[in-house]
Amino acid sequence: MYKKIISSELDAALKILKNFLKNEEQIENIEKAAILIAKSFKNKNKVISCGNGGSHCDAVHFSEELTGLYREKRPGYAAIPISDVGHISAIGNDFGYDQIFSRYIESIGLPNDVLLAISTSGNSINIINAIQTAHRKKMKVIVLTGNDGGQVKHLSDVEICIPYHGYSDRIQEMHIKIIHILILIIEKEMKKIN
């Protein structure tokens, strides 16, 4: 009954993946991002992740794979998603939703920590504020974006952008794949010291 839809959806995802694979700069940026995060862990720093909606779920998933395990047993790594409901509702109420991430980073971010900011559009004001706060705190910034990268494109140390101008779910599908690759490379880098 829905086989055509299923095939069409999988085919569309495959086309985006194949196009991304042709972009050598973005492939290099994935490697740079993973090495940057591993270097932070090696130096006893942490990675803080944030995003809105589905990107928020990706930020949480990224952190839980690092504090727990991905494919192999190993020590947990210092990864914190900005996902505390009490914090989000308090800051949203008292300061505004545009500051829910930046206030958290202001509170716990340290020099040489890493912020992984995830935004399919690259234009979410609370993500932009988080990035600006991270820079003030002398943190490194990695962004996972889509479309043309939006406003965050020029605010990051490393940008990984899915150049797709359609529904955001296609971008999110690529983001979760990239997140898993980042974790795989981080684990390999961390093995060099363990």
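Note: Cβ is positioned from N, Cα and C throughout, glycine not excepted.
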Binding-site annotation, Swiss-Prot, Zn(2+): partner of His61, Glu65, Gln172 in His154, His180:
His180
Quick check on the binding-site residues: of Asn52, Asn93, Ser121, Gln172, whose CB has the lowest count of neighbouring CB atoms inside 10 Å?
Asn93
If you measure Asn93 (substrate binding site) to Glu65 (Zn(2+) binding site) at Cα, how many Å is it?
30
Cβ neighbour count within 10 Å of Glu65 (Zn(2+) binding site):
20
By CA-CA distance, flag whichever of His61, Glu65, His180 among the binding-site residues is nearest to Ser119 (substrate binding site).
His61
